[in-house]
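Structure first, commentary second.
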Amino acid sequence: MSTIQSETDCYDIIEVLGKGTFGEVAKGWRRSTGEMVAIKILKNDAYRNRIIKNELKLLHCMRGLDPEEAHVIRFLEFFHDALKFYLVFELLEQNLFEFQKENNFAPLPARHIRTVTLQVLTALARLKELAIIHADLKPENIMLVDQTRCPFRVKVIDFGSASIFSEVRYVKEPYIQSRFYRAPEILLGLPFCEKVDVWSLGCVMAELHLGWPLYPGNNEYDQVRYICETQGLPKPHLLHAACKAHHFFKRNPHPDAANPWQLKSSADYLAETKVRPLERRKYMLKSLDQIETVNGGSVASRLTFPDREALAEHADLKSMVELIKRMLTWESHERISPSAALRHPFVSMQQLRSAHETTHYYQLSLRSYRLSLQVEGKPPTPVVAAEDGTPYYCLAEEKEAAGMGSVAGSSPFFREEKAPGMQRAIDQLDDLSLQEAGHGLWGETCTNAVSDMMVPLKAAITGHHVPDSGPEPILAFYSSRLAGRHKARKPPAGSKSDSNFSNLIRLSQVSPEDDRPCRGSSWEEGEHLGASAEPLAILQRDEDGPNIDNMTMEAERPDPELFDPSSCPGEWLSEPDCTLESVRGPRAQGLPPRRSHQHGPPRGATSFLQHVTGHH
């Protein structure tokens, strides 16, 4: 067991939790407090010098946040020696991907997805107040704090790829964001803002429900193709402005086509790039609305006499899909902001409370909601939006909800649901219509689609039933998600964020709708009037570091220079008022810290699932 020492503390390394291209994460025992911590260890060389500056700069900007209320990881301290950098964080339990893996990727109930979504949206809203884009939101970077004591309480981690609005004027290709969660503006080369994180969260929500990534593209063409086949083509003005549009689209040869652009076919892409497109989706959705039909989600709507509990759960799932649709839009300015999303009926439970307050499902949802927000030693208090004082969520009126005591011990917080067998579609063309998202991808003319309008009429003439909600999505992928539970998810080639800045893309400024104070009476009015908090002024700095995710341990750099803390922008590490106590934040809530033991660190400490596992 090795030992490392900072100026103020000493750490015993218990075990290495994981290794990545950037370095490794170890579990350590902090002698001064007796608590277990996570230590991020990177080589001290010129390449990582700049990278570490970026992460430290972002952590410094976040030092005023309460990690418990903002749902971000607590940073303790930074130090270095002649060979390595060390960043010390609180130790958390496991990330959402590992939690899914432990539960055999069973679909997560909508009530638990809401609990996670609420907290991540709160984190994004707080980051936006500091003008910070996380830029790498995914299940691996959302950590469960303590699933036993605080079910589905989560924190956002890994700010190595984060950026500050005022400093990141350009983005380099390849890429920010992990591919499965990459926003359209990054894929197409359009101006972007903090709403790239909202897109990523929408993909995470869908993945928690599906048990499989919504858009698991093997490359950027597949990623764009999947989005087009589910959500339709982007509007022409977006493709006209996109500097990467020609990679995935071509001009439509049909003069009477509704869209002057069409998606390149798989054969076109193969001929141009020698890369064969792959099909990696589990569910081939023809619209985002079909998300609610997966994993038995539409059962309640099909029952002749559904009970109240089934109706409540179905209504909640439908509301969740409506929010996902607002988060997954081609155009970023049409995408819901974090603050407005916190007012959405799915997150606030407004609709569920008004129509299903007496159901057991509502009581379970409310209890899960509360426990995730409970900070030890504090009552759950509503978080207030900075711009207008409107609560993001309001629990005061439900404090006397009936039956909460009995609910506490009657049901587990995670109900492991095995996905029912999907009813395969016999004919993919049964429900084609002009409104179908996937229509027109390959440049069909308007006349080619007119006959599709006759499908309901033909069905009525022949006596066939036309389902109101559309068919279930086609089940496309049959094998296990991991092809063996002992295997870790490996990142496909080119899926990681890259820091070799080239092919610059201009960064858009703060979203126009976020510039005005919110005075709306409803969550929708609040969004249109600017529900997002205006970013605080951030000191301009001269350097912006590249992403931390793509550091290569084997990369050799000529004349490596050692890191000098005083060289950080703003010289905050050397300021007398920026001590360990000023950046460590409040003490971790939960189990009381253990004091130093005479015979070394205690055993049986909570395990920490590395937040640096590979990207999709």
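Yeah, the Cβs are placed from backbone N, Cα and C, and that goes for glycine too.
Listed in Swiss-Prot:
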- ASP136: active site, proton acceptor (ACT_SITE)
- LEU17, GLY18, LYS19, GLY20, THR21, PHE22, GLY23, GLU24, VAL25, LYS40: ATP binding site (BINDING)
- 496-511: compositional bias 'Polar residues' (COMPBIAS)
- 11-347: domain 'Protein kinase' (DOMAIN)
- SER511: phosphoserine (MOD_RES)
- 486-616: region 'Disordered' (REGION)
Mapped DSSP class for VAL25 (ATP binding site), helix or strand or coil: strand
Integer Å distance between the CA atoms belonging to ASP136 (active site, proton acceptor) and VAL25 (ATP binding site): 18
Rounded to the nearest Å - Cα separation of LYS19 (ATP binding site) and ASP136 (active site, proton acceptor): 18
Cβ-Cβ neighbours of VAL25 (ATP binding site) (radius 10 Å): 23
GLY23 (ATP binding site) to ASP136 (active site, proton acceptor) - Cα separation in whole Å: 18
Recorded ATP binding residues, LEU17, GLY18, LYS19, GLY20, THR21, PHE22, GLY23, GLU24, VAL25, LYS40 - maximal Cα separation rounded to whole Å: 14
Distance, ASP136 (active site, proton acceptor) to LEU17 (ATP binding site) (CA atoms, angstrom): 21
Protein Cβ atoms within 10 Å of THR21 (ATP binding site), excluding its own: 17
Overall pLDDT for the domain 'Protein kinase' (11-347), taken as the rounded mean: 92
Which of LEU17, LYS19, GLY23, ASP136, all recorded positions, has a Cβ with the fewest other Cβ atoms inside 10 Å: LYS19
Collapsed DSSP category at ASP136 (active site, proton acceptor): coil
